[in-house]
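S.K.: According to Swiss-Prot, the feature ATP binding site maps to 47, 48, 49, 50, 51, 52, 53, 54, an assignment based on sequence analysis.
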């Protein structure tokens with residue numbers, strides 16, 4: 001439209017308009033060194049498992065990429081890594097090693113992906129103590145050769161223990177997104193997640209409420225299976241915004257299981273547009 005308007009001006013025979021968007025780097029903790037080739041790190045966390053944190057992280061990364069950003073995702077959920085499956089990366093895929101030191105992330109759907117699952121067998125449980133896991137995770141963070149990323153999304157392990165604290169204190173996270181369901185038990189643990197980030201001076205960008213409502217595919221009846229308004233209550237309590245409220249929908253699960261999360265499997269669907277808005281508001285929250 002701008003190009004057309006300029007072309008229609010008197011004395012203008014032709015016009016060419018180029019728009020260049022530059023994403024600025026942000027770092028909440030000045031004392032922590034930045035990560036090479038990464039501008040902004042966004043941690044996606046939850047107080048407990050089973051609330052859809054990993055699905056949210058995957059769709060957030062893909063939605064950011066659809067906005068034109070260069071994006072990577074790090075699966076920091078050591079005990080239950082799932083990003084490889086969600087991004088359709090074949091079992092047994094291993095990252096290349098550069099200069100005998102750097103892991104080269106695997107690219108899928110336009111996003112760079114790194115996970116401990118790429119370095120271990122899928123059937124082997126991670127029977128490691130906290131300090132060992134923390135050390136391995138820091139090595140994964142600092143020795144991955146990311147390629148000039150605007151955003152690195154970290155899929156955090158659930159909870160608020162040693163692993164989460166180590167990441168929060170030693171990785172230059174710019175902001176965090178808290179994922180919860182409306183259920184009281186989930187909200188109780190989500191509050192602990194918010195408090196943890198506040199104690200280490202990492203901004204909480206907002207809350208994502210998963211499984212907010214279920215709509216019957218046969219009759220269209222809406223039912224709040226896990227309670228109602230929990231995400232809004234949590235956001236109000238801590239003075240942050242609800243970044244997204246997502247339904248309990250079968251297609252979200254099916255598309256993630258099939259290796260193409262909703263943000264790219266059905267990009268024009270109402271649910272995908274919610275993820276797209278989540279990407280925009282999360283990015284805006286860093287500024």
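Just so you know, glycine gets a Cβ as well, placed from its N, Cα and C.
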S.K.: Provide the number of Cβ atoms within 10 Å of the Cβ of residue 52 (ATP binding site), excluding the reference atom itself.
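M.R.: 22, counting other Cβ atoms within 10 Å of residue 52 (ATP binding site).
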S.K.: With DSSP assignments reduced to helix, strand and coil, which class does residue 53 (ATP binding site) get?
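M.R.: DSSP call for residue 53 (ATP binding site): helix.
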S.K.: Identify, among the binding-site residues 48, 53, the residue whose Cβ has the fewest other Cβ atoms within 10 Å in this structure.
M.R.: 48
S.K.: Can you list, in sequence order, the residues of the same chain other than 47, 48, 49, 50, 51, 52, 53, 54 whose CB lies within 8 Å of the CB centroid of the ATP site?
M.R.: 46, 158, 179, 180, 186
S.K.: Where among the binding-site residues 47, 49, 50, 51 do you find the Cβ with the fewest other Cβ atoms within 10 Å?
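M.R.: Checked 47, 49, 50, 51; of these binding-site residues, fewest Cβ neighbours within 10 Å: 50.
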